[in-house]
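Feature annotation from TrEMBL assigns phosphate binding site to 132, 176, 177, 178, 179. Per TrEMBL, substrate binding site is recorded for 256, 258. If you look up TrEMBL, you'll see 92-343 marked as domain 'Nucleoside phosphorylase'.
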Ligand code: URA
C-alpha cells in the first residue's frame with residue numbers, strides 16, 4: 001500500500017523515518033556536489049601547483065617567527081585555522097565603515113557572481129570571536145567592516161595583510177567603499193579618490209614610531225581609480241560618479257572645519273575660505289581613513305582604491321540631513337560600481353567561466369548553519 005505521498009517507498013514509514021531518510025539523501029547529494037566541484041576544479045587547474053607564498057611585499061621579517069600568529073582583533077590564529085585553505089582564494093578585499101553595510105554588500109556580491117546560498121543558511125561573520133570587526137567571505141571576495149578613523153582601519157589592515165600573507169594569496173585588490181563629506185558636490189554623488197592627502201594637503205600618512213615621526217606615501221593606484229571610473233555608465237546610472245582628491249582627517253568635526261561640533265574656535269567665514277581654497281586645489285571630499293588605507297596597502301604592494309558616497313555637501317552645511325531612506329538607497333551606488341569591477345575581473349581571470357564555476361566557489365563562502373567554508 002502506497003504511503004501518504006502516493007509512492008511505494010514510504011509505505012508504512014513514520015514521519016521521523018522519512019525525515020531521517022530525506023536528511024541522509026540531502027547530505028549525500030551535497031557531498032557528491034562538493035566532490036564534483038573539486039573534480040572540475042582540478043581538471044581546470046591541470047597540474048598547476050598551489051603557490052609557495054603570497055605576492056605581498058615588504059612585510060615584517062618577524063612574521064616567520066610567529067608560530068602561531070594570533071590575529072587578535074579578528075579572533076583568528078594560524079594554529080587553529082588553515083589559512084591557505086580558508087582564505088587562499090581571496091582576490092578582492094572590500095572594506096567599509098559598518099558591519100551591516102558590509103553584510104549587505106556581501107549578499108550583493110553573492111548575487112552578482114551568481115553564487116548560490118541554501119535558503120536555510122546565512123553568511124557568517126568570521127571575525128565574530130574578535131568582537132571588533134565583521135568579516136564575510138563570499139567566494140574570492142572578503143567584505144570587512146573597518147570602523148571609524150585611521151587607527152581602526154590600520155589595526156584591521158595589519159591583520160588582514162598578515163592573514164592574506166599566511167594564506168599565500170595572489171595579487172589581491174583592496175577597495176574601500178565608504179561615505180564622505182563632499183566639497184561642492186551633491187549628496188548622492190559617488191567619489192573615486194585620485195589621491196589621499198593629509199590635513200596639510202600632503203600625500204602622506206603620518207605615524208609616530210619609537211618617538212619619531214615617520215611619513216608613508218599615501219598615493220593611490222591611478223590605473224585602478226580610472227578603471228573604476230570607466231565602469232560608471234552616465235546615461236544609465238541614476239547617479240554621478242566623479243574623481244578627485246580626498247583629504248583624510250583625524251576628526252569629523254573641527255578636523256573637517258565643521259561649525260556643529262561641541263567646540264569651534266573659528267568662524268563661518270574662515271570655514272568657507274578654507275573649503276574654497278582646498279576646492280581650488282582639486283579636493284572634492286573629506287574622509288577619515290584614506291591615508292592609512294592607501295599607505296598600508298602601498299607598503300604591501302597591494303593595488304587599492306577608494307570609492308565613497310557623498311552624504312553632505314560641506315559648502316552648504318555641516319549636518320547630515322538627508323532622510324535615512326535616501327541614505328540607504330544611495331549606499332548601493334558605490335557598491336554597484338565596485339560589484340561591476342569585481343564581476344569583470346572575476347570573469348577575466350577565470351577566462352571561460354560560467355555559472356557552473358561560480359557554483360563551485362560556493363563551498364568557499366562561509367555560511368552560518370553550514371560547515372562549508
Ligand atoms: N565622512 C566624513 O569623514 N565626513 C563627512 O562629512 C561624512 C562622512
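Backbone N, Cα and C define each Cβ position, glycine as well.
Keep in mind the model is a prediction, meaning the values are calculated, not measured.
Shown here: features listed in TrEMBL, placed on the structure.
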| residue | record | Cβ contacts under 8 Å, 6 or more apart |
| --- | --- | --- |
| 132 | phosphate binding site | 73, 74, 147 |
| 176 | phosphate binding site | 94, 95, 96, 146, 153, 289, 290, 293, 304, 305, 306, 307, 308 |
| 177 | phosphate binding site | 94, 95, 96, 101, 105, 307, 308, 334, 335, 338 |
| 178 | phosphate binding site | 96, 97, 287, 289, 306, 307, 308, 309, 334 |
| 179 | phosphate binding site | 97, 287, 308, 309, 310, 311 |
| 256 | substrate binding site | 181, 249, 286, 314 |
| 258 | substrate binding site | 252, 264, 271, 318 |
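Residue 256 (substrate binding site) carries a helical DSSP state (H, G or I). In the three-state DSSP reading, residue 132 (phosphate binding site) counts as coil. Ligand 1 lies under 6 Å from the Cβ of none of the binding-site residues 132, 176, 177, 178. Those residues noted as binding phosphate (132, 176, 177, 178, 179) have their most widely separated CA atoms at a distance of 20 Å. In the three-state DSSP assignment, the secondary structure recorded for residue 177 (phosphate binding site) is strand.
Across the domain 'Nucleoside phosphorylase' (92-343), mean pLDDT in this model comes to 97.
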